[in-house]
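S.K.: Shown below is the structure under consideration.
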Amino acid sequence: MLRIPVKRALIGLSKSPKGYVRSTGTAASNLIEVFVDGQSVMVEPGTTVLQACEKVGMQIPRFCYHERLSVAGNCRMCLVEIEKAPKVVAACAMPVMKGWNILTNSEKSKKAREGVMEFLLANHPLDCPICDQGGECDLQDQSMMFGSDRSRFLEGKRAVEDKNIGPLVKTIMTRCIQCTRCIRFASEIAGVDDLGTTGRGNDMQVGTYIEKMFMSELSGNIIDICPVGALTSKPYAFTARPWETRKTESIDVMDAVGSNIVVSTRTGEVMRILPRMHEDINEEWISDKTRFAYDGLKRQRLTEPMVRNEKGLLTYTSWEDALSRVAGMLQSFEGKAVAAIAGGLVDAEALVALKDLLNKVDSDTLCTEEIFPNEGAGTDLRSNYLLNTTIAGVEEADVVLLVGTNPRFEAPLFNARIRKSWLHNDLKVALIGSPVDLTYRYDHLGDSPKILQDIASGNHEFSKVLNAAKKPMVVLGSSALQRDDGAAILAAVSSIAQKIRVASGAAAEWKVMNILHRIASQVAALDLGYKPGVEAIRKNPPKLLFLLGADGGCITRQDLPKDCFIVYQGHHGDVGAPIADVILPGAAYTEKSATYVNTEGRAQQTKVAVTPPGLAREDWKIIRALSEIAGITLPYDTLDQVRNRLGEVSPNLVRYDDVEEANYFQQASELAKLVDQEFLADPLVPPQLTIKDFYMTDSISRASQTMAKCVKAVTEGAQAVEEPSIC
């Protein structure tokens, strides 16, 4: 197992050997034979004893070892005997040698593990009944399996003061066994050197040295990798036991990455959200917003239909009354008098149902909140608005040019991939835009969009770096396209991507042009033919406007005529609901089986974990019921039929967990030459500059008290939200 050089891992200066991230297969002639309890196994040179054992299905106990972290070798729980060797060895750190016979269950191995476990438990408080890790604790499981049935420790146990590292992670450091997983995660994966050890021997402690908030958008992952109960979730504390909850596999919609998650529920309530393994998207990590914003699902919810009365106040009503009012308006208008805006958390089923509904009244004014330039290729070519290299593809790149984006807070798991490749490979990163605090070193080329013109013409110094690259990537943030010169920026990036693709001589399957989206619904909406941006609605104000989860504030009441009838359909009383004449309560992503498409064009499904609150219903069902009352019944009654319709409109939307290869980059580049737009003098400034801007970006996270505490802790310090411990 390759160790990351200490200097590089801790302060990010040196480079570790190539090939750590994605290794190629080894020729059979180079394999060596070893034996695990007498069973032969062929492994690559450099394979550790632990990896060789796992290859034959033999699980070796461990605390400090983690597959995605560097090897520490400090817990000693993985000690095994090597036949004819004088001493037991640490399986996680010892490379195998040809002909070794590894004895995993010999008396010597058992005695060594028992001794290690005895030392680990010597200072452990043994407070399992009040520990949130109970039931899913490695220390519990391994002490039961490999430990002794009695203790010889009679002395007093040490006690360690708990650290306040913010409103998300609860620390009970007396339980800590100094495995250093959290420290290695912080420095290697998160790229934040906030955690470390102080003292030595019995006085060693893990903490931040100077008490401060753990400033990372990935901080919650240290809860998952902690093998004991030293680091647990503050919002989840004392709420449920793991065996009491029902687990539902789903996906996250807090950003456009589409991280795979597990939703744990009990009695119809979301108790917590955990990561689910997906090697091509989020590996086994999730962002803090994904993990902790679930309390926003319980607050500010729309649970019953509402209508605005004669006094201008919103009052509760029945579904029949609300739908009848909207149906009456729908029957009164047609064509451009009817329009719709889709928000950032809307699923593909609702998008296609709304599209079909408006098409029934001869309207095609269907817009998204996010802008995407229509000039040039616009959204006609799918490759023009996708992360074509894919998220995992970053690990193969040797140069990445970031334009107008801060991936650390717009797409934390994509940023973690960039850091992973930068740390283990010779990845060079450059940024055009406002300087931001990324978790890797980068060359800041400036913040003017005119730099793109210089690079495209070959007059910029960085042009040489791009042309010399073997697998270059250009990543354009969708936030840069919200500007008035968005078309010029997109055209310049398209031109750069095409030129360096030719210069690099990369294989045809390597894609250079990439768009990094910020919201979960955008790609599906563009696939279904929605118009990006609301300019069409501003120019031709409708008489009837549907806001489908539109809470981005892209349009206000002042932008519309006084007689415009607004229908809001969504799950939170956020920005869109207060301006509506009728409110139709919808279901959140944990309450429906729905399709979302991430920034790389991968379709995935959420699953029903809990039922919608009150009288709320799934969005496509509401639209289907409305169509029937309006006398323009949509031709589907079940979810499967809606998905069949999805497949008719855009087949890639029902090819789940598959990234359809996008092409026509040369055509897009040629069309980009037709764009006649000047660059603005304004600098490229991403909307999420600091971690404070990361926590509250949509209707769910804005309703979350936990996310509000995070913002307060960042601005005022962790002590501002300190809560008294109850254990």
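Just so you know, the numbers here start at 1 and follow the chain as drawn.
Including glycine, each Cβ sits where the backbone N, Cα and C put it.
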S.K.: Swiss-Prot has Cys176, Cys179, Cys182 down as binding [4Fe-4S] cluster 2; which of Cys137, Cys226 does it also list for that site?
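M.R.: Swiss-Prot names Cys226 for this [4Fe-4S] cluster 2 site.
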S.K.: Can you tell which of the binding-site residues Cys64, Cys78, Cys92, Cys176, Cys182 lies nearest to Cys128 ([4Fe-4S] cluster 1 binding site) in space, using Cα positions?
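M.R.: Of the binding-site residues Cys64, Cys78, Cys92, Cys176, Cys182, Cys176 has its Cα closest to that of Cys128 ([4Fe-4S] cluster 1 binding site).
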S.K.: Once the chains shown are all counted, how many other Cβ atoms turn up within 10 Å of the Cβ of Cys137 ([4Fe-4S] cluster 1 binding site)?
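M.R.: A 10 Å sphere around the Cβ of Cys137 ([4Fe-4S] cluster 1 binding site) contains 19 other Cβ atoms.
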S.K.: Identify, in sequence order, the residues in the chain of Cys131 ([4Fe-4S] cluster 1 binding site) that are 6 or more apart from it along the sequence and have a CB within less than 8 Å of its CB; answer 'none' if there are none.
M.R.: Cys137, Ile172, Arg175, Gly229, Thr232
S.K.: Taking only the recorded positions Cys75, Cys78, Lys84, Lys709, which one has a CA atom nearest to the CA atom of Cys179 ([4Fe-4S] cluster 2 binding site)?
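M.R.: In terms of Cα distance, Cys179 ([4Fe-4S] cluster 2 binding site) lies closest to Cys75.
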S.K.: Could you name the residues, excluding Cys64, Cys75, Cys78, Cys92, of the same chain that surround the [2Fe-2S] cluster site, i.e. Cβ within 8 Å of the Cβ centre of those residues, in sequence order?
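M.R.: Once Cys64, Cys75, Cys78, Cys92 are set aside, the remaining close residues are Arg62, Phe63, Tyr65, Ala72, Gly73, Asn74, Arg76, Met77, Ala90, Ala91, Ala93, Cys179.
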S.K.: State the Cα to Cα distance, in Å, between Cys182 ([4Fe-4S] cluster 2 binding site) and Cys92 ([2Fe-2S] cluster binding site), rounded to an integer.
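M.R.: That separation, Cα to Cα, works out to 18 Å.
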